[in-house]
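Going by TrEMBL, these are the annotated features:
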- 23-106: domain 'IrrE N-terminal-like' (DOMAIN)
Amino acid sequence: MNIDVPKNDDSGILHRLFELAHKRGIKIFPNQDLGENIFGLCVNFDGIKRIGLSSRLSLHAAIYVLSHELGHCQLHAAKVNYALYNKRDNYYDSIEQQADRFAAKLIKVLSRSAGVNHQMNIDGGQ
Ligand SMILES: [Zn+2]
């Protein structure tokens, strides 16, 4: 899936994703060593949702990965566990597609509203 992620965070999208997670009680652990093939993960442990982000992400990638993991937290928190991450079957593929669609929508909405804010700042003469 092709997701349109801004190349820099001038729009503050990454910051807003962190805020969104915070509001939902999701704890984010950036700069984690997750190995070579995992860029982010969502775990639900002791009733607290946690997202780990790899230390090897560019800003561009971090926006996508965090949005995708927020999708897992929102849609699949009860189902996602480490065993599932290591599985490759139809069920795995379907939840990955759902998380990708969630990420695409979330990034679109945040990009749009960031544009509106920017416009308002210009109109306000700042
Ligand atoms: Zn995923």
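Cβ atoms are placed via backbone N, Cα and C, with glycine included.
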The DSSP breakdown of the domain 'IrrE N-terminal-like' (23-106) into helix, strand and coil residues is 40 helix, 19 strand, 25 coil
Looking only at the domain 'IrrE N-terminal-like' (23-106), mean pLDDT returns 88
